[in-house]
Amino acid sequence: MEKESENASCAGLLGQKNEPGSPTQSRSGKHKLSVCSKICFAIGGAPYQITGCALGFFLQIFLLDIAQVPPFYASIILFSGRVWDAITDPLVGFFVSKSSWTRLGRLLPWVVFSTPFAVVSYLLIWFVPGFSGVSMVIWYLVFYCLFQTLVTCFHVPYSALTMFISKEQSDRDSATGYRMTVEVLGTVLGTAIQGQIVGRENTPCVEHIRETHLYNTSVIMEDLNITHDVESLSSTRDAYMIAAGVICAIYVLCAIILTLGVREKRDAYELLSDQPFSFWQGLKLVMSHKPYIKLITGFLFTSLAFMLLEGNFALFLTYTMGFRRDFQNILLVVMLSATLTVPFWQWFLTRFGKKTAVYFGISSVIPFLILVVLMESNLILAYVVAVAAGLSVAAAFLLPWSMLPDVIDDFILKNPDSHGHEPIFFSFYVFFTKFASGVSLGISTLSLDFAGYQTRACSQPEQVNLTLKMLICVAPVILILLGLLLFILYPINEEKRKQNKKALQLIRESNRDSDSDSLELASNV
């Protein structure tokens, strides 16, 4: 049945070639992707970023201070969840690449069927169950891993969809720019919804902690009414659930818009071959492509740097800087700055090239990270650093997704008989970044445990503040510099990219001529 469906889909696509206004009829590439289609495609990127930003900024502090999971076990949850998430990416990518074409396409059905289960599991991540101990750890670990699996079933096909919304590289680059703008806007929404709803609640802290027992924190709260403390903590937990519900509603809405507003286009050169390949064959081909390895290695280091920032910035602002009541607003400024500067970086990479944009964009945050750690606590300075960090975050968001299609085009030219590997390219990039995220969260939370982090304390020991400074400044700066050094080896510059574009255009035109001749011969017979 799958083969019959695939043949029918292929025949349908070939049958459309004589229709007026079809993409094949326009060999000069005049049929550009509409702005509406680009916007609908871009909106599909919001759910992953909204949920990812909320989890990245707030899950650690939620587990530590609201669910009151001890730091060691919180590190296990965060690390295991992200590593599991990383493992599922290449597996989902492989299964997506083996999917047969349907009326919706090959990729969009994954979006449709994963969405309802993803939103339920996301809600349960932010729910504090009525039990404690190992059962609570298992609860968060199961639903965190389940959500990461389901959101992967959404995001990997969506990422691969970049290659199938248009045959024109300029359209794909433009759509990527739209997508990055919406995705960074999604991080603003995630930060705003989670931060502002939760930030309205005054989560109580404990001035003096005498002793803490595993899963059953025993504290002496001086000058703090215990009844008020319990009620306030309960209202904070409710606020987290309300924020999760709002985010889930946006998730579903974005999935509907993506499904209804975007149509997959099966590329002309892909129709020439549908030879089956195993997971290991596809993986071997992809991982032997040197430009891809160099690209993802460079972004692995820079992504790890920004994930360390994301995972620890809220704790740094709350405890080291002392901005307990302002941290959600500072995070919001970071994301707003990133959103507003994505169009600038889109223009910059078009004008000066993508490698140049990498060097300028990602390195721009370094002096401000050093400044915020060396200077005394200053709210105005914190907002200045937030704006500068947003500028660099925008570049870090845009550039990988803008450069991956160039690597895939280069792969297609060097492996003309191998098709359908696009999901593996995207999924393995996401695999490495998520693995880096798991490592960063696990190491940072474990480091805080070793430094003596005190759950719900109003202030932390000096060792904890020093650890947060290392996680916010020293480690990210070193990782960014290593990543930028590796980008020197990346071979696809602007000249090479333009050569690949011309070569692919010639292949597509040749294939269209061949298809047209075959159809004409068949009609004559």
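Cβ coordinates are placed from backbone N, Cα and C, and glycine is handled just like the others.
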Do Val69 and Ile165 share a side of the membrane, as Swiss-Prot has it? no
Looking at Asn225, Asn465, which residue has the N-linked glycosylation site feature per Swiss-Prot? Asn225
Based on the annotations in Swiss-Prot, which residue of Asn7, Asn216 is described as N-linked glycosylation site? Asn216
Report the listed stretch (33-62, 74-94, 227-260, 330-348, 425-451) having the maximum count of Cβ pairs within less than 8 Å of the transmembrane segment (464-487). 425-451
Cβ neighbours of Cys458 (disulfide bond) where a neighbour is any other Cβ within 10 Å: 16
Could you tell me whether the transmembrane segment (378-414) and the transmembrane segment (292-318) have 3+ CB pairs under 8 A, leaving out pairs under 6 positions apart? yes
For the transmembrane segment (138-162) and the transmembrane segment (33-62), does the number of C-beta pairs under 8 Å, pairs 6 or more apart in sequence, reach 3 or more? yes
For the transmembrane segment (74-94), I need the partner stretch with the highest count of C-beta pairs below 8 angstroms, choosing only from 107-126, 170-201, 378-414, 425-451. 425-451
